[in-house]
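Feature annotation from TrEMBL assigns active site to H234, H280, D335.
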Amino acid sequence: MVLGGMRGMTGLLWETSLLDPDEGIRFRGLSIPECQKVLPAVKPGGEPLPEGLLWLLLTGKVPSKEQVDALSSELRSRATIPDHVYKAIDALPITAHPMTQFTTGVMALQVQSEFSKAYENGIHKSKYWEPTFEDSLSLIAQVPAVAAYVYRRIYKNGEIIPANNSLDYGGNFAHMLGFESPEMQELMRLYVTIHSDHEGGNVSAHTGHLVASALSDPYLSFAAALNGLAGPLHGLANQEVLLWIKSVVNECGENISKDQLKDYVWKTLNSGKVVPGFGHGVLRKTDPRYMCQREFALKHLPEDPLFQLVSKLYDVVPPILTELGKVKNPWPNVDAHSGVLLNYYGLTEARYYTVLFGVSRAIGICSQLIWDRALGLPLERPKSVTMEWLEKHCNKSV
């Protein structure tokens, strides 16, 4: 555990979700298919509204459509962005990575922190959760506008699209990015919902919890989480998948056969690289988040060449990884599919994809952070050891 990244070590309380190696993620006990059935949607049979998941994570209860609409209205009332946030982002080169610009925007929002003000004024620790709740709701409300500003600044000549207050959280995010297709808005609702939380041990969730345990406010804590999410072994993987798939198309064409695809996969592996989008640190079966995106694709874009290529990869890659014998989970994860869906609807800038992940993750991290403060969870301080200590400890066991 000491040398292996603490894999499998139980050491965190995370109320909002639990990851089962075989079943995948459960949000307050509900699987993704169950959430799709019981959480309110814009239309019957539609994708769940992210506001509904936020309600579920915060309360442990499935909300009514009226409750979700009220929460949507509350978030809209908190979504105004101060001008200094945009100025802070504009101070960066336009070539800065979208995650750098996004995190800068979140840090700039920190000056409005209610928790920070309350702590300076001597708030009793039993009340810590109250300004944490206020900060968290405001942060969740504001991140889509900050993220959309970054996208339009980098890729659309800085032509900003104002919010549409008649739309829900996911639909309005798609609108501010510049996508008016009802299907793209449905995809964004699904995307934000399934990327929102994945228990507490992943890099971004754990980072947010760790930093917040020092009583850093939600803005500081979430900004730290975003910097973890930006790593190639975590959230950056979703951009790597689409870039790799496009490299397959560029070299072999869209109508590549399974045998040609096997050769390309082996070529990738033999060059010392990994096939992005496959494997997971906890899961031991196909990621349910992959499967619900596959179902969305089968419903809306079954003939898309890149989707068909992803389907072939599902058949080709796991047997090869199993043959290698080096991975515990050869199955596709959430990143294996999301880029192809976004690309189909026109969001082709793979470098931006991790920002979408970051917007989504605000819902899970902030929901748990409120509970951290309500439960009075302490400062996180695990024990570390030196290599010398470890060698002596192992020698004692011989």
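Our numbering is plain: 1 for the first residue shown, then up by one each step along the chain.
Glycine too: its Cβ is placed from the backbone N, Cα and C atoms.
Unlike curated entries, TrEMBL annotations are predicted automatically.
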Which of H234, H280, D335, all active-site residues, has a Cβ with the fewest other Cβ atoms inside 10 Å: H234
Cα distance (Å, whole number) from D335 (active site) to H234 (active site): 10
Cα-Cα distance linking D335 (active site) and H280 (active site), given in Å to the nearest integer: 10
